[in-house]
Amino acid sequence: MTDDSTCPVTGGADKQVTGRGQSYRDWWPNQPNLRVLSQHSPRSNPMGGEFNYAEEFKKLDFAAVKADLRALMTSSQEWWPADFGHYGPLFIRMAWHSAGTYRTLDGRGGAGSGQQRFPPLNSWPDNVNLDKARRLLWPIKKKYGRKISWADLMILAGNVALESMGFETFGFAGGRVDTWEPDEDVYWGSENTWLGDKRYSGDRKLENPLAAVQMGLIYVNPEGPNGKPDPVAAAKDIRETFARMAMNDEETVALIAGGHSFGKTHGAGPASHVGPEPEAAPIEQQGLGWKSSFGTGKGGDAIGSGLEVTWTSTPTKWSNNFFRILFSYEWELTKSPAGAYQWQPKDGAGAGTIPDAHDKNKRRAPTMLTTDLSLRFDPVYEKISRHFYENPDQLADAFARAWFKLTHRDMGPRTRYLGPEVPKEALIWQDPIPAVNHTLIGPREITFLKRKILASGLSIPELVLTAWASASTFRGSDKRGGANGARIRLAPQKDWEVNEPARLRKVLAVLEGIQQEFNKTATGGKKVSLADLIVLAGCAGVWKAAKNGGHKVTVPFTPGRMDATQEQTDVNSFAVLEPKADGFRNYLKGPYAVSAEELLVDKAQLLTLSAPEMTVLIGGLRVIGATYGQATHGVFTTLPGALTNDFFTHLLDMGTEWKPVAGNPDVFEGSDRKTGEPKWTGTRVDLIFGANAQLRAIAEVYASADGEEKFAQDFVAAWAKVMNLDRFDLAQK
């Protein structure tokens, strides 16, 4: 007999049948996390493989959505009443926090896929009560369904919120495609407690690529560094975290002042009254968290950050009152009812000038956050703040532009923008590329140019490496980089160590000569951009290598790229794209705390590659000889320049014994197991394809007797994918 309380599967009432217990990654945490290369699988997507969000968005009645959002702003709900009778400030915070996770160093985070709906973001302390904002939006999302993504709706709600309170926004672009599970590739920090700050070392040096001061915060601690109410010290944190989100000092001041022109924070009582976050809340709460037992738990009794601050006398109307109040008073430290540090005017000044959010008969004194006072007491911020105070029109313009940048920074080029409110002005941070202004080359010209390239004296590795260097800057995280624009010939890319500047100049000079000669003599208005020619040269090199290896392949090439200018290229903005490691070229700039194989997986994930695509590209690039500095590490072949499966057959050969090279833990020597005769050298990136069980399984496919043709075809397909990663025009077609 089986007791009703006993699980019929495991025989134990306390056991779980899925996902519990020690995973293999718990047992062996140093193995590379290959799951990031298969996240967001079609199997997790309820929309199906044929769903085209861009086409659905074009069917959207955009004006109707905005009208519904505008009506929602003042339709206060009993279950979560609107502060001051207006939900605008709540939706501004929701949109800000959706976009504000973006960081420049790896392009991850941001609003681009609606990740605020999922853990960990949906349960971050800094996102307290934003679950209510999304539930308020659900009737509108339900009404318009697949025609607008959650990712777009959250940002649009923030825009409409601003407009409904009298602010003129810079514009809005749709095109953010929802994902359906949490991101696994984003490193949010190593801390295992909320608000932990192990991310700092030395003199408050923030760990890369993080852009927030503590675990679970979007940017900074509003009470000050580690809760210490020091406005000047807080300014240092503000400057660093906002810079890591691509904001300069002026944009930072505009965003803080503009955002804090509206609404309030919530700290009506002690945090001990607040229940668990959404992911830890009981099932009957249906995904809502932070249930409070303080009074009614809502409205005037709401507890959020623990701070109880209302910045201006007009919290639902755009004004310059934030700066007026900031500079009109001398401030003294106080505490909120929840015990959080905040500031109020000295000697009771300003009493009765600020409305209460839920009781029209009550009036309050102005209050400010420690980080608000940073705008007055940091000398650089103070100068900017006073300028905006004296020039409110310039504040409005700066805030509009900074808000647009904040909410669109991770969308990539303007070609991805959708909708009737896309601004006409091209902005430098959008990495602009000129529109095609000539007739594109066709099959005949492509064949002619391939012959010219292959007869130019450039080697196969030089052709392949240059194209790879150009295209592989692409980041699927924020859709930046790629071959379009030919920015590899411009600063800063032309000087990056990984691109071997001297070798690059030689290759580009030859290709530019071919380009100029062709463009002078071609008929019918046909021209070729250098961006196209660089990719075509790489494709020609792959084709030649395949031929040398005995394979007949067609390497896809589609023209349509254009050449950007140096004036269209923000050197500082592009500097963050410089690879510190590129395992595909066997390049490692220096020793890092993270292993070379983990850095390879990270690079592959940014290139949107699967584990098989990563594997086949490594194997092909090695035998072609496309390695940094012409190093022979990983070139496991006696026929370099020929596309063969030699990398895999030799790596998996049990006749080879590998040992680390003395003094270099990242390099290994492979010797004949019987004679001890040296055969090959390889890096950790090379050897992981024989050491890791999953990667070895893939490598075995390509090393098999019947695997060489599949290897050649798969390599060409993966190569073509990387060359076209930034061709959003092709994806739309």
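Using the three backbone atoms N, Cα and C, a Cβ is placed for every residue, glycine included.
Note that the structure is predicted; figures quoted are calculated from it, not measured.
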When Swiss-Prot is consulted, the range among 1-24, 25-48, 265-288 described as region 'Disordered' turns out to be 1-24
Other CB atoms, at most 10 A from the CB of H260 (heme b binding site)
24
With the cut-off set at 10 Å between Cβ atoms, which of these recorded positions ends up with the most neighbours? Options: R93, H97.
R93
What DSSP gives for H260 (heme b binding site), in three states, is coil
Distance between H260 (heme b binding site) and R93 (site 'Transition state stabilizer') at the Cα atoms, whole Å?
10
